[in-house]
Each structure stands twice: as structure tokens, then as C-alpha cells.
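Annotated features in Swiss-Prot:
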type: ACT_SITE; residues: His360; note: active site, proton acceptor
type: BINDING; residues: 8-11, Lys22, Gln73, 78-79, 100-102, Gly137, Glu151, Asn166, Asn224, Arg330, Lys348, Tyr363, Asn374; note: UDP-N-acetyl-alpha-D-glucosamine binding site
type: BINDING; residues: Asp102, Asn224; note: Mg(2+) binding site
type: BINDING; residues: Ala377, Asn383, Tyr384, Ser402, Ala420, Arg437; note: acetyl-CoA binding site
type: REGION; residues: 1-226; note: region 'Pyrophosphorylase'
type: REGION; residues: 227-247; note: region 'Linker'
Amino acid sequence: MKFSTVILAAGKGTRMHSNMPKVLHTLAGKPMVKHVIDTCNNLGAQNIHLVYGHGGDQMQQALVNESVNWVLQAQQLGTGHAVDQASPHFQDDEKILVLYGDVPLISEDTIESLLEAQPTDGIALLTVVLEDPTGYGRIVRKRGPVVAIVEQKDASEEQKLIKEVNTGVLVATGRDLKRWLAGLNNNNAQGEYYLTDVIAAAHDEGRAVEAVHPSHSIEVEGVNDRIQLARLERAFQARQAKKLLEQGVMLRDPARFDLRGTLQCGSDVEIDVNVIIEGNVSIGNNVVIGAGSILKDCEIDDNTVIRPYSVIEGATVGENCTVGPFTRLRPGAELRDDAHVGNFVEMKNARLGEGSKANHLTYLGDAEIGKGVNVGAGVITCNYDGANKHKTVIGDDVFVGSDCQLVAPVTIGNGATIGAGTTLTKNVAEGELVITRAPERKIAGWQRPAKKK
């Protein structure tokens with residue numbers, strides 16, 4: 001179904017109390033307006049006309065990778081005026097869908113229903129019935145069909161009793177919408193050009209107006225303050241959690257789970273409370289994610305356990321691994337099958353080989369570590385000389401004792417042993433033992449100082 005979209009995103013968002021344009025505030029880790037853009041792209045919109053005003057530079061910087069037609073609304077003179085700024089780009093025979101950058105949860109199904117419902121040469125309008133319609137434009141019907149929309153400030157007392165309200169979302173043909181927009185005036189209580197007045201214009205021409213309801217009213221709730229944004233955040237997260245539960249993922253507490261990207265899960269995955277998923281995350285079968293962990297743009301293979309409060313970003317974790325608690329895997333970290341990293345271990349751009357372990361208080365950066373290696377507590381790969389990064393290479397079956405500093409570039413051969421407390425600056429051959437310690441001294445007759453009375 002061919003259509004183009006106008007997204008209204010020019011509002012300042014005064015009640016957000018922020019210097020950032022309202023539509024750039026995030027929901028599930030993504031700007032609200034980006035949710036709307038993604039929905040349109042998923043449905044195959046031919047053109048997306050983004051009407052902006054306040055914070056234009058911020059908007060264009062935040063959405064630099066989006067394929068949209070930027071339309072400036074220099075003065076905010078109402079929704080009708082905003083859509084009219086984009087009207088020179090409308091093709092006469094295409095459907096024009098009007099959406100809002102601060103209404104991020106509208107679904108693809110609802111939009112498809114609206115597009116399909118548009119009468120020939122008429123308008124399809126998205127409406128919703130609210131128990132408390134205060135503040136919304138009322139849908140005025142005459143013996144069934146919609147004949148007009150009356151804004152709250154312009155409504156009579158009788159009209160204020162109407163509970164069916166306008167969401168602002170509509171579809172019309174480009175040719176008709178351009179004509180109706182050109183005929184708008186601002187003779188109303190707010191002195192603005194209302195988009196809603198095109199409904200009356202269509203009715204006056206004898207055009208049909210078809211009302212469609214969303215699957216759930218939360219889809220058409222807008223955001224004007226942080227309270228409303230928080231409400232939509234929880235609604236969105238609840239919806240995502242429900243889908244995961246239906247797919248067989250065990251969320252220990254769905255209300256304490258945040259998905260801020262995409263998650264692909266195998267079978268029998270268990271996710272404990274307060275876990276945050278960001279970016280694109282893939283989890284295999286029989287994986288356990290401990291409480292308070294953060295996973296971003298990473299892959300975790302089958303039968304792996306991520307213990308509580310681990311942070312994994314841009315990393316790959318193999319099968320049968322154990323990570324954490326309190327582990328940080330940074331971009332480029334890779335754990336091969338059966339590897340273990342424990343509490344307060346940090347890895348970046350480093351590979352830990354099959355069956356290797358670094359269980360305590362360790363930094364592994366720019367390192368290649370082979371199979372069956374034991375990395376003791378307090379080991380540091382000294383990879384940075386103040387100007388450049390250097391690599392540490394450790395072969396298979398190496399034992400690195402506690403509190404060692406491996407000053408890169410350095411290579412340790414297979415089966416070597418590095419004694420505790422060693423500062424290593426030279427390569428080590430296969431099977432060698434290397435120890436660099438200060439001589440141990442025993443001071444005869446020494447006594448502790450006595451405390452002053």
C-alpha cells in the first residue's frame with residue numbers, strides 16, 4: 001500500500017523542563033520520534049516528511065542517519081499550519097498519513113487498519129473513547145457519520161460531554177489534503193490553524209469520513225511531561241515483557257525488566273530482576289542472566305551463566321561459560337567455550353581461550369589468551385604506553401600467578417609459568433618459569449612501635 005507520512009515534531013515541550021526538543025527524549029533507549037520513523041519504515045512509507053521547529057540542529061544531529069525530508073515550521077501556528085508546510089511535497093494521488101513525534105507507541109496494525117479504511121476521496125480518522133476526555137478535541141457525529149471535530153476550548157457544554165475524541169492521526173489523499181489545508185483559518189479560541197478543521201471541510205464537500213479505533217488507547221497517548229513519558233515507558237516495557245514470556249523466556253519479574261533494543265532468545269532462558277538489554281542482543285539456549293546485569297550489543301551462547309551485576313557490551317561469550325558477578329566485558333572481548341571470568345574482571349579487545357579462567361580482580365586488554373590458561377588474582381596486562389596500545393599473547397596451558405604485570409608487547413609460550421608478583425617485560429619461551437621479585441629480607445630483633453599512653 002503506497003503512502004507517505006508527515007510526522008509533526010516541531011513542539012518545544014515546555015513541560016519537560018529540558019533544553020532538548022521533546023521528541024528526542026527517549027523511550028526504551030530510543031528517541032520518541034525514532035519509534036514513529038521506524039514504524040513508518042517498517043510499513044514501507046515512500047516518503048517521511050519530518051516537520052521540525054525548536055532545536056532544529058539537535059534534531060538533525062540526533063537523526064542524522066534517518067532518511068527523512070526535513071520541513072521547517074519556523075512559527076508554531078497550529079497543527080494545520082504544520083502539515084501545510086509539508087504539503088508542497090505531497091503527490092496528488094498518494095495517501096498522506098499524519099502522525100506525531102510525541103505519540104511513540106502507535107502500532108503497525110493500527111496504521112494498516114487506518115490506511116485500509118480510508119474511503120475513496122475521503123478521510124480515515126483515528127479516534128478513541130476516553131472516560132475522561134478533558135483536553136481533547138471531541139468527535140461530532142450526525143446520525144452516525146463524523147461531521148466535525150471541536151477542540152476543548154471551542155466546545156459547547158453539550159459537546160464537552162462527548163467521550164469519543166480525536167487523536168490527530170488521519171489519512172487523506174494528497175490532492176484533497178492540500179486543498180483543505182489551503183482553506184483553513186485561525187478564527188478560534190487559540191488563534192491557530194487546526195488540522196482538525198479539514199474534517200468539516202471534507203464533510204461540506206460530501207466526502208466520507210471513516211473513524212477507526214486503535215487496538216489499545218495507550219497507542220495514541222501523547223507525551224507532554226516526564227510523568228506521561230514514564231507511564232508510556234512502563235507500558236512499552238510491559239508489552240515487550242509479555243511477548244518474551246509468551247515465547248518461553250522466564251522473566252523473574254516482568255515489571256523489573258527493561259528491553260531497550262532487540263533480543264533474540266533460545267529456549268529455557270531465565271532472566272532475573274533489574275536486567276537491562278540494549279542494542280542487539282542474542283542469547284542461546286539454557287542461559288541464565290543474573291540480577292542487575294546490563295547486556296548491550298552482545299552474543300551469549302548456550303548453557304552460559306551470567307552472574308549478577310555483570311556488564312557486557314560488544315562482546316561474544318561462548319558455550320558453557322561463567323561470567324561474574326561484577327564482571328565487565330567491553331567491546332571486542334571474547335570468551336571461548338568453557339571459559340570463566342569472575343568478580344571484578346575487566347576485558348577489552350581480548351580473547352580468553354577455551355577452558356581458561358580469570359576469576360578475580362584482573363584487567364585483560366589487547367590480549368590473546370590460549371586454552372587452559374589460569375590467570376591469577378590481580379593480574380594486569382599493561383597495554384598502553386601513554387601513546388599507543390600494545391598486545392599481550394599468552395599460549396596454551398600457561399599459569400600466571402597473582403599480582404603480575406604483563407608489560408606489552410610481550411609473548412608467553414605454551415606451558416610457561418609466571419610466578420606471583422612478577423613484572424614481565426620480556427618474552428617467555430615454552431615451559432619456562434619466570435619470577436621477578438625483590439629479595440625477601442628478615443629483620444632480626446625488630447619490634448612494633450609501642451602506642452603512646
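From the backbone N, Cα and C atoms, a Cβ is placed for every residue, glycine too.
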Binding-site residues (Leu8, Ala377, Ala420), the one with most neighbouring Cβ atoms at 10 Å: Leu8
Rounded inter-Cα distance in Å - Arg437 (acetyl-CoA binding site), Asn374 (UDP-N-acetyl-alpha-D-glucosamine binding site): 20
Nonlocal neighbours by CB distance (under 8 Å) for Asn374 (UDP-N-acetyl-alpha-D-glucosamine binding site), same chain, sequence gap 6 or more: Ser356, Lys357, Val398, Phe399, Val400
Tertiary neighbours of Gly78 (UDP-N-acetyl-alpha-D-glucosamine binding site) (same chain, Cβ under 8 Å, six or more apart): Asn186, Gln190, Glu192, Tyr193, Tyr194, Leu195
For Arg330 (UDP-N-acetyl-alpha-D-glucosamine binding site): intrachain residues, at least 6 apart, with Cβ closer than 8 Å: Glu313, Gly314, Ala315, Glu346, Met347, Lys348, Asn349
Integer Cα-Cα distance in angstrom, Ala377 (acetyl-CoA binding site) to His360 (active site, proton acceptor): 5
Least buried by Cβ count (within 10 Å) of the recorded positions His360, Arg437: Arg437
Minimum Cα separation from His360 (active site, proton acceptor), reported as the residue among binding-site residues Gly11, Gly101, Tyr384, Ser402, Ala420 that achieves it: Ser402
Rounded Cα separation (Å) that holds between Asp102 (Mg(2+) binding site) and Leu8 (UDP-N-acetyl-alpha-D-glucosamine binding site): 8
For the region 'Linker' (227-247), the number of residues DSSP places in helix, strand and coil: 20 helix, 0 strand, 1 coil
C-beta crowding around Asp102 (Mg(2+) binding site), within 10 angstroms: 24
Neighbour tally for Tyr384 (acetyl-CoA binding site), based on other Cβ positions within 10 Å of its Cβ: 12
Integer Å distance between the CA atoms belonging to Asn224 (Mg(2+) binding site) and Gly101 (UDP-N-acetyl-alpha-D-glucosamine binding site): 11
